[in-house]
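A.B. asks: I'd like to ask you about the structure that follows.
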Ligand SMILES: Nc1ncnc2c1ncn2[C@@H]1O[C@H](COP(=O)(O)OP(=O)(O)OP(=O)(O)O)[C@@H](O)[C@H]1O
Ligand SMILES: O=C(O)C1=C[C@@H](O)[C@@H](O)[C@H](O)C1
Ligand SMILES: [Mg+2]
């Protein structure tokens with residue numbers, strides 16, 4: 001989506017004095033949609049970024065779980081991956097159409113579905129959190145809630161997914177490389193990339 005930029009100036013909560021900080025943050029012209037592989041940080045970065053921008057955070061995976069009344073592993077096991085993908089497509093379209101601009105963390109496979117990708121391009125601003133294989137593997141190894149990685153060699157599975165998905169994730173409007181650094185460092189990097197992008201749109205108008 002073509003973005004118009006603006007800045008919201010927030011007065012401090014207490015009575016403003018000469019030394020009170022004035023916080024200025026960009027106004028999201030549309031929903032910021034985070035894409036990327038499992039472990040890229042869409043959920044953990046997205047939540048913190050939304051707080052910083054003063055907008056809602058929505059996690060598509062959590063919305064699908066709530067709608068299905070099941071966890072993602074249960075959906076995959078009991079209903080199958082096609083049913084999960086169908087729910088994912090519907091949930092993301094609904095969020096893009098019905099909710100005011102917010103930060104939306106998608107599941108790792110969402111941007112791979114052509115119609116979801118089209119909807120995101122039309123109604124949102126997409127940002128790919130790009131990470132290398134070792135960083136991703138280190139992060140996903142901490143939890144076992146990702147059905148696609150329940151394979152004999154999850155690192156090889158991730159490598160294969162990277163080969164298939166990275167050329168598609170590269171269609172995102174903004175790309176931010178994330179490495180093994182503290183989460184807040186990545187949040188700052190994403191925030192700065194977003195501001196630069198919105199300023200660029202503004203200059204091009
Ligand atoms: N710099 C960093 N950026 C992002 N995540 C980090 C960073 N450092 C550590 N982490 C950790 O890596 C994990 C990232 O997982 P997260 O669930 O946010 O990824 P995701 O992209 O939402 O994955 P999924 O597609 O499976 O939902 C979290 O446990 C987070 O605490
Ligand atoms: O990369 C994927 O296809 C997935 C990522 C997760 O966020 C979940 O959406 C689910 O486990 C599938
Ligand atoms: Mg997530």
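Even glycines carry a Cβ here, placed using N, Cα and C.
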A.B. asks: Hey, TrEMBL has substrate bound by 61, 85, 108. Any idea which of 165, 179, 180 it lists too?
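C.D. replies: Candidate in the recorded substrate site: 165.
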A.B. asks: Write down the one residue from 146, 159 that TrEMBL lists together with 39, 40, 41, 42, 43, 44 as binding ATP.
C.D. replies: 146
A.B. asks: Which residues, in sequence order, are found in the same chain with Cβ within 8 Å of the centroid defined by the Cβ atoms of 39, 40, 41, 42, 43, 44, 146 at the ATP site, excluding those residues themselves?
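C.D. replies: Going along the sequence, the neighbours appear as 36, 37, 38, 45, 105, 108, 129, 139.
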A.B. asks: Translate the DSSP assignment of residue 39 (ATP binding site) into the three-state scheme.
C.D. replies: coil
A.B. asks: Provide the number of Cβ atoms within 10 Å of the Cβ of residue 61 (substrate binding site), excluding the reference atom itself.
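C.D. replies: I count 22 other Cβ atoms within 10 Å of it.
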